[in-house]
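The structure under discussion appears below in the form of structure tokens.
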Amino acid sequence: MGIKHLYQVIAENAPDAIKAGDIKNHFGRKVAIDASMSIYSFLIAVRSEGQQLMSDTGETTSHLMGMFYRTLRMVDNGIKPLYVFDGAPPKLKSGELAKRTARKAEATEAHEEAKETGTAEDVEKFSRRTVRVTRDHNAECKKLLKLMGIPYIDAPTEAEAQCAVLARAGKVYAAASEDMDTLCFEAPILLRHLTFSEQRKEPILEIHLSRALEGLDMDRKQFIDLCILLGCDYLEPIPKVGPNTALKLIREFGSLEKVVEHMESDPKKKYVIPEDWPYQDARELFLNPDVREASHPDCDFKWEAPDIEGLVEFLVKDKGFNEDRVRNGAARLQKNLKTAQQSRLEGFFKPVARTDEEKANLKRKHDEKLQEQKKRKKEEAKAKKEAKARPRGAG
């Protein structure tokens, strides 16, 4: 799930932090990818007539189809992917996971009912809600990656946190995930939409943490507090606290401790904090997650030549894929992984830090932009009010 509305908050308040571009812009870059999030998206998106793809024996193959062709697309564009798989979830996440399981059970029931009485749209809607990534899905994807010559590692807990470690250490250029909480784990750069299909024509979004913090005028701890208030995987959200309120509260009070104190001392009790709301534990999980250091032997990885006959055996003979397409894909892998060895020029130079004057200018431009937005909203609200007050039929 990640952090609710965080992308919206950054886009509105720190637009310079987000850069949209083409996949080709990332030629020659190594990227650590959140495997579980990718597999989940493949299970939802790679479908035929609303149903997951199946082999002749009735086994789901959407995850393998997605993993093979989306990885191939990245390598075709000169990207060197490294997949990172989730380990055991932190204990604090178990409550959220239990809720997700309950929701999926309800969706399964509704899906069966829709098959009997509902429309095709109902069936597909509830079918997507029942999707979950299993151990078998993970194991099969790991087998496929090994045959493709694409490296993967297992994280102790959260894959996004391990991706962030590798990005901070410079072992990869960025962490790639649809989960915005990757930024809470201090990934310097987050890439979104990297594993989407070409047909969706979605630009790759590159989000820079340092620019987001600069635009929001927050330090990392305040940013994490904002994310917890927006709603994260570890805690229930506080009712009536939306993105604008969350941002206003953190800006006004500076920390969750003071926000909670304000809410609890409010005689009107405008906001009711859930009974069990260990926000300090959640913050600690973001600040000090269970990860391996980038120098750990388990974080060593390299790209190998694909095992073409092994891929044919697994994908064609076991899973019913088209042999010509698999062989063609393997040949492209072999050719393009060599091409991706070429380094980008940026790898030879360290980026120049912004001067205080440049930072001040950026902040001034950002503040002016915010004031302009507020002014426009005020004018729109005034015009709306006047239009409402005007008698019907009046020109």
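Cβ coordinates come from backbone N, Cα and C, glycine included.
Summarising the annotation, Swiss-Prot assigns region 'N-domain' to 1-104. Taken together, the residues in the region 'N-domain' (1-104) have a mean pLDDT of 83 on the 0 to 100 scale.
The Mg(2+) 1 binding site feature in Swiss-Prot is assigned to Asp34, Asp86, Glu158, Glu160. Mapped onto three states, the DSSP output places Glu160 (Mg(2+) 1 binding site) in helix. When other Cβ atoms within 10 Å of the Cβ of Glu160 (Mg(2+) 1 binding site) are tallied across all protein chains shown, the result is 28.
The annotation DNA binding site is assigned in Swiss-Prot to Arg47, Arg70, Glu158, Gly231, Asp233 on the grounds of sequence analysis. Secondary structure from DSSP puts Asp233 (DNA binding site) in coil.
Feature annotation from Swiss-Prot assigns region 'Disordered' to 102-121 (among others).
The region 'I-domain' annotation in Swiss-Prot covers 122-253. Secondary structure of the region 'I-domain' (122-253), assigned with DSSP and counted as helix (H, G, I), strand (E, B) and coil, comes to 68 helix, 15 strand, 49 coil.
Annotation comment: Swiss-Prot describes Asp179, Asp181, Asp233 as Mg(2+) 2 binding site, evidence class sequence analysis.
Positions annotated as region 'Interaction with PCNA' by Swiss-Prot: 341-349.
According to Swiss-Prot, the region 'Disordered' annotation covers 348-395 (among others).
The feature compositional bias 'Basic and acidic residues' is assigned by Swiss-Prot to 353-389.
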Going by Cα-Cα distance, pick out whichever of the binding-site residues Arg70, Asp179, Gly231 is nearest to Glu158 (Mg(2+) 1 binding site). Asp179
When a 10 Å sphere is centred on the Cβ of Asp233 (DNA binding site), how many other Cβ atoms does it contain? 20
Please list, in sequence order, the residues in the chain of Asp86 (Mg(2+) 1 binding site) that are at least six apart in sequence and whose C-beta is under 8 Å away from its C-beta. Ala35, Ser36, Ala155, Thr157, Glu158, Ala159
One should report the C-alpha separation between Asp179 (Mg(2+) 2 binding site) and Arg70 (DNA binding site), rounded to whole angstrom, as 18
So which other residues, same chain and not among Asp34, Asp86, Glu158, Glu160, have a Cβ within 8 Å of the centroid of the Cβ atoms at the Mg(2+) 1 site? Ser36, Met37, Val84, Ala155, Thr157, Ala159, Ala161, Gln162, Cys163, Ser177, Asp179, Thr182
Validating a neighbour-count step here. Other CB atoms within 10 A of the CB of Asp181 (Mg(2+) 2 binding site): how many? 24
